[in-house]
Amino acid sequence: MLQDLLGALGLASIYLLFALGMSLTWGTIDILNFSHGSIFMFSAFTAHLLIPYVPMGFVGVALVCIVVGALMSLLVQVVAFEQIIKRARNRNTAERQILIGGIGVAIIPLAIAQEVTKSNPFGFIDSGFEVTTWTFMGLRGTNILLITLTAAAALAVGTAMWLRRSRHGLALRSIGVDSEVSAMMGVDRRRLAIVTMAVSGGLAGLAACLFTYTLGAITPESGDTLLIKAFACIILGGVGSTGGVVLGSVLLAVTETVVLTRTSGLWVEAVAFGLIFLVLLVKPSGLFGRKEVRRT
Amino acid sequence: MDWTAVRLGRRGAVAVVAAAALGMSACSSSSGTSSTSAAAGGGLPATINVVSINPQTGPAAFAGLAANKGYDLAIKEINDSKFLGSTTLTLSKVDTKGDIKTAASSASTAIADKNVSAIFGSVSSQEAIAMSPLVQQAGLPTIYTQAGSDGVVVGDATYRATPLMRTYYSLVKKYVQEKGWKSVGIIHTAAAPTLVDIGTKALPAIATELGMTVTTTVAVQGTTQDFAAPISQVLASKPDGVAILLVGAQNPTAMKQLRQAGYTGDVLGNSGASAGNLKPAGADGAGMVWPVDFNFQQKAEASQKFVKAYQAANSGENPLNYAAEAYDAAWFLAKSIKAAGSADRAKIKTAMATVASEKFDGALGNGLTWKDRDIVVPGVMIRWDGTGDVLLYEGSAS
């Protein structure tokens, strides 16, 4: 039971690290970035390609993933999303076009990775870091599990504090509430959007690093699967709430683990997503969702 | 083995929506070849056109590209050896891009092109299922490789040069007996019909035959990437051995997590672990064993002849089973054309039935036969030692 709970927390941490970046951009600068999964995958893929030429341990791989993720996300913002926002007739149109634009952008790194790997799994097998196993009071785990749990907890708390306490965070939240008023108050939306997208991409890169070490290997399509799960975590917890994403990730992971360990396994997604559906019937804005304050 | 059903599934809704949005539509590079008529009737023309409709990009490209190498090699040998006299086989390749609509429309294009005598169908079950009704109705001889689902071999025009896994999975009996297992726990994907069949029917039947018990069976989705929970459930049932019947990238992850969970014994797998898929698991992958229809180390003379020819044509690269199957498929077609003495589709189709009734030696081994238009092979048992395949033993021809 405790072993399963530990496994569920590990899974929740991966969901959280991945979803945190998506939630950050969606909840503040109103960008639901559907290329997040591809950025996640491609950052790990880049590290995988570099490892044979540049020997590096865990820190090196993590840094490569974070930097590549941040740069890709920044590039997507500048090249795609900013241009869409500039040309869109209104906010609703921009949101829709960003959604489709993100899907379109996502295909490029996916296609590159598929072409290079022929869709075979890839990992960090030749990196200097070794995943080791430990046992404590009957519980088994790995060093990467501990790192993942720690990173997820630290980043969730850090993100929440940053949004709540810092001037940047306040400015970001003000954009999320009303971007026009925040602009009138002197908030530089463009600069903050670029920073937020870079942070979001960096989080995707870190998640990719930890996820790849945890599983041993991922495929070019791995980001797509996580994208759907992250979407569910954010919706369940409530868009714009860091605490909501944490809760959503834990709930989804625990539900999946319970179903997987107590049934034949086929019901896992039906039960997990059915639960989300039920929660949303009762609380449409998600468990910790903020009230809609947009004015017409 | 139906890899692509799973791999396409794992791309998720995003990619599917995007593909639709971008209108990834028909690719029709096949019909541009000038040719003699395929429907001319008697006598072999100077050129006979064949089309390979396979994914060369996308999630199943690894299998489609490898299959095309097998077709290329066989057709070169057929032409160089003047197996069909002065007639030359010409192969055109169409990339389905992993898109079912493209596969179906490419099949329609080939059907409409009367210069095309036969096609090599897609390795993807989803694509093959879309193609089969079309080619069967049109009477266009079609030989598939892989594409292990029902609904692919649907009539006298359709053949499959990949054996159904259940026909050779019984090779594991000897291994299990040697290990002295009295019980086994099974994890299988629900996304590949072939592996569902092995996990829920073939392997339990083998266990019953050997007096073993199946302690528990856990199915996982094609999208599952973390196997900690199902592994925990299986190990809690305390089996002597574990069977992991997953596809592609799922295999190294499951092996890694199985070792991390404390299981140190050998693991029954399937050919989804081959083609170097276990490499990312490193030393944790060592100990997975599986039966497969072909391995480049198998000793049959015809197999080794193919291996050497393939290595010579591909810079020393060892052939995968996809290439071996395609090689035998191409030779099967060439023999059928020769027996028909014509490029006419109907005559080739009739000749295929005759050729399929005879035993033959090929890349897949000695004493190969066809049953219900599916190839039957002896198979080989493989063990991954952490760095590469080790041939444990070979099956015998029926």
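Just so you know, glycine gets a Cβ as well, placed from its N, Cα and C.
Any TrEMBL annotation is an automated prediction that lacks curation.
Record features (TrEMBL):
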type     : residues  : note
TRANSMEM : A:6-24    : transmembrane segment
TRANSMEM : A:31-51   : transmembrane segment
TRANSMEM : A:57-81   : transmembrane segment
TRANSMEM : A:93-112  : transmembrane segment
TRANSMEM : A:144-163 : transmembrane segment
TRANSMEM : A:192-215 : transmembrane segment
TRANSMEM : A:227-254 : transmembrane segment
TRANSMEM : A:266-282 : transmembrane segment
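Counting C-beta pairs under 8 angstroms (sequence separation of 6 or more), the transmembrane segment (A:31-51) reaches the transmembrane segment (A:192-215) with 3 or more such pairs.
For the transmembrane segment (A:6-24), the most Cβ-contacting stretch among A:57-81, A:93-112, A:144-163, A:227-254 is A:227-254 (pairs under 8 Å). Contact between the transmembrane segment (A:57-81) and the transmembrane segment (A:192-215) is present: at least three CB pairs lie under 8 Å, with pairs separated by 6 or more positions in sequence. Below 8 A, the CB atoms of the transmembrane segment (A:227-254) and the transmembrane segment (A:192-215) form no more than two pairs separated by six or more positions in the chain, fewer than 3 in all. Under 8 Å from some Cβ of the transmembrane segment (A:93-112) lie the Cβ atoms of residues 30-39, 41-42, 45, 72, 76, 80-81, 84-85, 220-221, 223-224, all in the same chain and six or more residues away from its ends.
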